[in-house]
Every structure is written in structure tokens, then in C-alpha cells.
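K.L.:
Annotated Zn(2+) binding site per Swiss-Prot: HIS12, HIS14, HIS197, ASP278, in sequence order. Look at Swiss-Prot and you will find HIS14, ASP16, GLY170, ASP279 tagged as substrate binding site. Taken from Swiss-Prot, the feature active site, proton donor covers GLU200. Positions annotated as site 'Important for catalytic activity' by Swiss-Prot: HIS221.
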Amino acid sequence: MIIKQLPLTDLHRHLDGNIRIETILDLGQKFGLDLPAYDIEALRPHVQIVEAEPSLVAFLSKLDWGVAVLGDLDACRRVAYENVQDAMNAQIDYAELRFSPYYMAMKHNLPIAGVVEAVVDGVEAGCRDFGIKANLIGIMSRTFGQDACQQELDGLLTQKHKLVAIDLAGDELGQPGDLFVNHFKQVKDADLRVTVHAGEAAGAASMWQAINELGAVRIGHGVKAIEDPKLMEYLAKNNIGIESCLTSNIQTSTVASFESHPIKTFLDYGVKVCLNTDDPAVEGIELPHEYEVAAPKVGLTPEQLKQIQINGLDLAFLSDSEKQALREMAAKR
């Protein structure tokens with residue numbers, strides 16, 4: 001259950017994993033692309049999860065049609081703008097929208113720096129028009145290797161003053177964190193914060209690596225942390241947040257069932273964990289679903305959900321004054 005008098009945040013929300021089916025159809029036709037289907041319901045199983053996928057990589061393939069229709073920078077701008085509208089429609093007060101410009105640019109050879117600028121423009125316009133607050137997190141897609149990630153980081157850093165953090169996402173097993181230590185030295189030099197997808201497809205060691213070698217202050221998913229009690233204690237003691245995505249973890253087969261999800265164990269250890277969507281359009285869910293449907297399946301109590309909602313603002317990459325402004329706004333509702 002969502003408490004209206006508290007700010008609602010979504011800190012782990014992929015902009016390029018949230019492209020509307022209608023937009024995929026519209027842009028596909030605009031650019032004359034061969035789509036697997038040409039009406040919404042026939043296209044849905046190609047771009048949205050209809051049952052759990054066998055792996056993270058299989059899940060990620062559902063995102064491919066969304067970025068395949070990004071035929072020019074205006075399309076990127078449109079998708080970014082629509083993402084802000086979707087967040088508003090989901091009752092979200094503050095969203096951190098993350099995106100991989102290399103992945104968005106890849107199909108149509110768009111300039112990476114141009115994609116970054118288009119996304120910034122689209123999100124800023126959306127925030128003006130829809131009256132919600134959003135910030136951007138740039139992703140390096142480890143799936144494509146070290147060189148591609150360097151190109152991606154170079155593009156992201158052209159707009160570093162418009163970003164709050166850098167993330168490492170993609171094939172965690174095939175491209176481990178130690179390959180990207182030099183990339184994150186540059187992130188530190190740029191004075192950007194770090195969140196890393198870790199402990200999703202690989203084990204607790206991947207999370208230690210993200211924290212100790214890459215400088216992560218938040219971890220995306222992190223479900224494998226429960227295999228290492230010392231890591232759990234470290235997360236709690238050092239205030240390292242876990243961006244939890246319940247439905248996503250089921251759909252990627254990262255976790256076998258809602259009942260076995262480790263989010264309750266995080267809370268028991270005093271780890272700051274928050275609730276997020278991940279890829280809403282691909283999953284066919286929104287943030288209220290996670291609070292009202294997924295969380296009760298996990299067995300979270302109303303008091304635990306309240307703490308999770310509070311954690312979402314505490315962990316946000318915002319200044320204390322920005323957080324306080326959101327608290328005051330929500331308290332008046």
C-alpha cells in the first residue's frame with residue numbers, strides 16, 4: 001500500500017526499457033521498419049513478458065524492439081518525454097531514469113553524445129510539462145565490452161552536469177566488474193555517484209567488487225547478498241542501498257518465487273532497500289503494482305512497506321533540501 005503523505009520514488013527505472021507499445025508501432029511505421037507484428041496485441045508478446053524468461057539475457061532481448069525503432073534523435077527525445085509522463089501517471093513524485101545511449105544509438109548508428117543530449121532535452125521538457133521531478137543516470141552497457149563502454153562514457157560525460165550518477169548494467173556474468181575499474185575512475189573524477197547492477201545474475205562477490213572496486217553507493221537488485229552474511233552487515237553498516245525490483249526478479253528467473261524473494265531479509269538486517277519497477281513497459285507493470293500486488297505476495301507488512309517508501313527518498317541522489325521539499329509537498333496531500 002502506498003502512503004500518499006510520503007513521497008513516492010522510483011530509483012531503478014530504465015528509460016530504454018519503458019518504451020510504449022504504441023510508440024514502437026508508430027515509430028516502426030514512421031521509419032519503414034519490419035516489425036514482428038503491426039497491431040498492439042499481436043506485437044505485445046514480442047516486446048512484453050508474458051511468462052517468466054529463463055534468464056536475464058532472455059529477458060533483456062524483449063527490450064530490443066523498443067530501441068530498434070529509435071531511427072533519429074527526435075525519436076529518442078520523444079521516448080524520454082513519454083517516460084516522464086508515464087512516471088506522472090504512475091503517481092511517482094521523483095524518478096531516476098537510467099538509460100544506455102550506446103544501446104539506444106546502436107541500431108541506427110546515431111551519435112552517442114547526440115542521444116544523450118536528446119534524452120536530457122526530452123526529460124527536461126517532460127518535467128516542465130508534467131510537474132514531476134526526475135533525474136538521469138547514465139548506463140554503461142557491459143554486454144558490449146570495455147571499448148563500447150568507454151565510447152558510452154565519453155558520450156555521457158558531455159552532459160555530466162545533467163546526470164546524477166553512472167550505472168553498469170547488462171551481462172554481469174560474462175562481463176564482470178573488474179573489467180571496468182578504469183571507467184569508474186573517470187566517473188569519480190567527474191564527481192558523479194555510482195550505482196551498479198550486481199548480485200542479480202552473479203553472486204555476492206560481484207557486489208563486493210561493485211562496492212570496493214567501482215565505488216558503488218547503491219546496488220541494483222543485489223538479491224545474492226543474502227548468500228554472504230558479512231556483506232549484509234556491511235550494506236547495513238555503510239548505508240549502501242539496495243534497489244529492489246520484485247516483479248523483474250521473478251520475470252528474469254533471478255528469484256524463483258515472490259515468497260522466496262530476499263527483500264524481507266534485507267529489512268531484517270537493517271539494509272536500506274527501496275521498491276522500483278526496472279523496465280515497466282517490458283514487464284507490463286507500474287510502481288503501484290509493486291506496492292499493491294507484488295509486495296503482499298512477498299509477505300511485506302504495511303509497516304515494512306512504509307519503511308521501504310521512506311527508504312526510497314533517503315536513497316535518492318538528491319540534496320537534503322530537495323528531499324525536504326518533496327516531503328513537505330507530499331505531507332500536504
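Cβ coordinates come from backbone N, Cα and C, glycine included.
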K.L.:
At a 10 Å cut-off from the C-beta of GLU200 (active site, proton donor), count the other C-beta atoms across all protein chains.
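P.N.:
Result for GLU200 (active site, proton donor): 23 neighbouring Cβ atoms inside 10 Å.
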K.L.:
Looking at the recorded positions GLY170, GLU200, HIS221, ASP279, which has the shortest Cα distance to HIS14 (Zn(2+) binding site)?
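P.N.:
That would be ASP279, the closest of GLY170, GLU200, HIS221, ASP279 to HIS14 (Zn(2+) binding site).
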K.L.:
Any same-chain residues 6+ apart from HIS197 (Zn(2+) binding site) with CB under 8 Å of its CB? Would you list them in sequence order, or say none?
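P.N.:
Within the chain, HIS197 (Zn(2+) binding site) has Cβ neighbours under 8 Å at ASP167, LEU168, ALA169, GLY170, GLU172, ILE219, GLY220, HIS221.
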K.L.:
Using an 8 Å cut-off from the Cβ centroid of HIS12, HIS14, HIS197, ASP278, can you name the remaining same-chain residues around the Zn(2+) site, in sequence order?
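P.N.:
Apart from HIS12, HIS14, HIS197, ASP278, the close residues are ARG13, GLY17, ARG98, ALA169, GLY220, HIS221, GLU243, CYS245, SER248, ASN276, ASP279.
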K.L.:
Report the largest Cα to Cα distance, in Å and rounded to a whole number, among the residues HIS14, ASP16, GLY170, ASP279 that the record lists as binding substrate.
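P.N.:
Among the residues the record ties to substrate, max Cα distance equals 13 Å.
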K.L.:
Between ASP16 (substrate binding site) and GLU200 (active site, proton donor), what is the CA-CA distance rounded to a whole number of Å?
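P.N.:
So the Cα of GLU200 (active site, proton donor) lies 19 Å away from that of ASP16 (substrate binding site).
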K.L.:
For the recorded substrate site, whose residues are HIS14, ASP16, GLY170, ASP279, find every other residue on that chain with a C-beta no more than 8 angstroms from the centre of their C-beta atoms, and list them by sequence position.
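P.N.:
Here the nearby residues are LEU15, GLY17, LEU60, LEU63, ARG98, PHE99, SER100, TYR103, ILE139, ALA169, ASP278.
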K.L.:
Using Cα coordinates, what distance in whole Å links ASP279 (substrate binding site) and the residue listed as 'active site, proton donor'?
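P.N.:
Here the two Cα atoms are 15 Å apart.
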K.L.:
Given a separation of at least six residues and a C-beta threshold under 8 Å, show me what packs close to ASP278 (Zn(2+) binding site) in the same chain.
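P.N.:
Sequence-distant Cβ neighbours: HIS12, ARG13, HIS14, GLY17, CYS245, THR247, SER248.
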